[in-house]
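Participant: As annotated in Swiss-Prot:
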DOMAIN    111-253  domain 'DAGKc'
BINDING   Asn121, Pro122, Phe123, Thr153, Glu185, Gly210, Thr211, Gly212, Arg278, Arg284, Asp441, Gly442, Glu443  ATP binding site
BINDING   Ser178, Gly179, Asp180, Gly181, Asp271  substrate binding site
ACT_SITE  Asp180  active site, proton donor/acceptor
Amino acid sequence: MENDQFMCPTDIITGIVFIDGELAMLTLTADGELRWTEYGLRQYLSMKKDVLGFIVEGKQIRVKAVVEKEAGGICCGQFGGDFVRKDFVFEPLIDQNGWCYKLRQYLDSLGRPKRLLVFVNPFGGKKSAREIFVKEVKPLFEDADVQLEIQETKYQLHAKEFVKSMDVSKYDGIVCVSGDGILVEVVNGLLERADWRNALKLPIGMVPAGTGNGMIKSLLDTVGLRCCANSATISIIRGHKRSVDVATIAQGNTKFFSVLMLAWGLIADIDIESEKFRWMGSARIDFYALQRIICLRRYNGRILFLPAPGFEGYGQPASCSLYQEPHVSDKEVGYQGPETKFEDLEWREMKGPFVTIWLHNVPWGSENTLTAPAAKFSDGYLDLIVLKNCPKLVLLSLMRQTSSGTHVESPYIVYIKVKAFVLEPGALVDEPDKEGIIDSDGEVLARGKRTYKCDQKALMSYDKLQVTVDQGLATLFSPEY
């Protein structure tokens, strides 16, 4: 039989196989494609993009793959939207072991994770994480032959406590089936380890199963994928990685490590006070935002910032002295924040009253909120959004525009990039005996006088705090970009 049209000197393996009871020539090419002809049509599967794994069933080899839901066919080199699982079965006439060896060798060369620690948060959002994991996530990992250690979180900070003491050598990565909260716990736990430098090499993956899902939305949206569990899981299986900036929020000796955002004023009030409507799911945000805009609060205070190049004209010149902790060995106490000296640089300031202050590390704050459209994962800067005053009807329109990111084009919005930031929060303009809430990554960072009381304990006092950023400090599983 003439095989020239299928073979070239760089092919890894080629041979005659049965596919659906018909003889065909199957080739694994050097660039990682399985190619064959079926019913007169040339077909292919990309080992990198389509194939999850394979199993042997008697004389047959069953290749586990994912295909684009809209495509309807086996050819699926380019993805967009949801994926569906699809098997490709063939039976080699000879050398089944050779096929298995070459397939395994190629998959192993891709550097995909083989052992993952998985946190499932059964309490987040609509409490659907367990079901999402069992029905959508676990089957994909099984197809890819990934070994899982599953930990259901039982209380707040459970994930943080676990990663602080775990043996990092046991895993190739960590997966959070939750909203953004478990991701933040994991990052803080890794950074508080004595071996934080080594621990941070462990990539973290997210599967959306909570209320916010801002980080995974930002990652998937970058390459045009929908924010859904199977897209996120497949991105983890493929094993591509990218670095992400980590912000250190400090008040005296107290520190919190943020990968998403810090908010004060309107946005923090909506995020935290809407917890009483958690049963509504993500709709609680829109519902409570309307209430808060109707009864709009304005806060006294001051912000100072170190602008990125090109943003030096915003605000007024100011001097700023950041708190510097006495030098101690980070081998004993964990990560202490970036070591950059900021005091002699050209700081700027803005004074209140403010409606809201929003500091963002990635583009999306949630699945429906494109807070900072110009934000980058590892540029070493945070995106600062300032709203000082705004008519209520205009503000309602701006809140709707956050779904597309066009709110930052408003003349009422100041949108800049900063390297460091200081917040000096004050009381409400109309109620001087009432203060506000400072929110970071969806958690209460500080709570002032006469504010909404919730189950979350504040880490810091309602006072001056500083934010610095360390470029590309943490590692995330990511779609290929």
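Glycine is treated like the rest: Cβ placed from N, Cα and C.
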Participant: I want to check the contact list for Glu185 (ATP binding site): same chain, sequence separation of six or more, C-beta distance under 8 angstroms. What comes out?
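Facilitator: Set apart from Glu185 (ATP binding site) by at least 6 residues yet with Cβ under 8 Å, we have Leu157, His158, Ala159, Lys160, Val163.
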Participant: Just to verify: the residue among Gly179, Gly181 with the fewest other Cβ atoms within 10 Å, which of the binding-site residues is it?
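Facilitator: Gly181, out of the binding-site residues Gly179, Gly181, has the fewest neighbouring Cβ atoms within 10 Å.
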Participant: Which one is it: of the binding-site residues Ser178, Gly179, Gly181, Asp271, whose Cα lies the shortest distance from the Cα of Asn121 (ATP binding site)?
Facilitator: Ser178
Participant: Which one of these binding-site residues, Asp180, Asp271, Asp441, Glu443, has the sparsest Cβ neighbourhood, judged by other Cβ atoms within 10 angstroms?
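Facilitator: Each of the binding-site residues Asp180, Asp271, Asp441, Glu443 was scored by Cβ atoms within 10 Å; lowest is Glu443.
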Participant: Tell me which of the binding-site residues Asn121, Ser178, Thr211 sits in the most Cβ-dense spot, judged by other Cβ atoms within 10 Å.
Facilitator: Ser178
Participant: For the domain 'DAGKc' (111-253), DSSP counts of helix, strand and coil?
Facilitator: 61 helix, 35 strand, 47 coil
Participant: DSSP three-state call for Asp441 (ATP binding site): helix, strand or coil?
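Facilitator: In the DSSP reduction, Asp441 (ATP binding site) maps to coil.
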Participant: What are the sequence-distant neighbours of Phe123 (ATP binding site), meaning same chain, six or more residues apart, C-beta distance under 8 angstroms?
Facilitator: Thr153
Participant: Work out how many Å separate Ser178 (substrate binding site) and Thr211 (ATP binding site) at their Cα atoms, rounded off.
Facilitator: 8
Participant: Averaged over the domain 'DAGKc' (111-253), what pLDDT does the prediction give?
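Facilitator: Mean pLDDT across the domain 'DAGKc' (111-253) comes out at 96.
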